[in-house]
Amino acid sequence: MAVAMSSTCPGLYCGRMMVNGSVEGECGVCPRGERANLQKVCERCSESPELYDWLYLGFMAMLPLVLHWFFIEWYSGKKSSSALLQHITAMLECSVSAVVTLLVTEPVGKLSIRSCGVQMLSDWYTMLYNPSPDYINTIHCTQEAVYPLYTIVLIYYAFCLVLMMLLRPLLVKKIACGLGKSDRFKSIYAALYFFPILTVLQAVGGGLLYYAFPYIILVLSLVTLAVYMSASEIQSFKNLIAKKKRLVVLFSHWLLHAYGIISISRLDKLAQDLPLLALVPGPALFYIATAKFTEPSRILSEGGNGH
């Protein structure tokens, strides 16, 4: 009872309720959508998300879409003409899910959200910071201190999964004529595996991803671009523009590069940060310029001539 009657609450996230202009009740967890302020009083989240918060949500929203596209391409086969329509359907599913998620999040019915903001990494893992003032009894103050950045992603994944199960099987059954009966649904089966993985990833590593996603985007986009250009044997601009698909892949990677650079810089100082976007084509240009010097057949032939 000494804890309940004290003027301040222990722990980082415990607070008291404000009722009719006065602070009442025992120290405990704040209601959803509220967070304890410096005076340990539960305060309603009323901030608008920062640019970085939106970029994080965009990254988490892109993950299922990119995985959808990868597995559709992987399992569609060369004979199937349904890949493009499935790609468009996957984009439609994720886009509609994102819009619906924003509409059902407070303020309901608007394409905007109110946020508590992220102050430090521990905000994502409040369950680890339940205080024990007398080392016997624990005050449980586990809450969503980063409201709604934690749960909104999980809600979005749920909508994506539901829409996929409603739309994709019917579409694939009608258009995937070039595939066998067992192969045409493999991209859907893959999604049934990666959605639980993404959910666990957000639940366990959401805070780490929040701080690391710009660097993850840059590293993965650079690696996948290099692997794609190597596998496609692109060694000159002529090879690059020979097929429209290669240009689509290239511009997609450039967009990811730009997204990563903007996420790191946060565009705090436009005069300094915008010129960084000129670096976006750099990796592709560097690869094409140096590809002829690193071709294995040339290295082997020169080694043979040396002997």
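Each residue, glycine too, has its Cβ placed from N, Cα and C.
Listed in TrEMBL:
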- 54-72: transmembrane segment (TRANSMEM)
- 147-167: transmembrane segment (TRANSMEM)
- 188-205: transmembrane segment (TRANSMEM)
- 211-231: transmembrane segment (TRANSMEM)
- 247-264: transmembrane segment (TRANSMEM)
- 270-289: transmembrane segment (TRANSMEM)
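Beyond the transmembrane segment (147-167), the same-chain residues lying 6 or more positions past its ends with a Cβ under 8 Å from any Cβ of the stretch are 32-35, 45, 49, 53, 56-57, 60-61, 64, 68, 89-90, 92-94, 96-98, 100-101, 104-106, 113, 115-116, 118, 124, 188, 191, 195, 198-199, 202-203, 206, 210.
Comparison of 54-72, 188-205, 211-231 by number of C-beta pairs under 8 angstroms to the transmembrane segment (247-264) places 211-231 first. Sequence-distant contacts of the transmembrane segment (270-289), counting only residues of its own chain at least 6 positions beyond either end whose CB sits under 8 Å from a CB of the stretch, comprise 222, 225-226, 229, 234-237, 240, 250, 253-254, 257-258, 261-262.
Here the transmembrane segment (54-72) has Cβ contacts under 8 Å with residues 83, 86-87, 90-91, 93-94, 98, 149, 152-153, 156-157, 160, 164, 186-187, 190-191, 194-195, 198, 202, 209-210, 213-214, 217, 259, 262-263 of the same chain, all six or more residues outside its ends.
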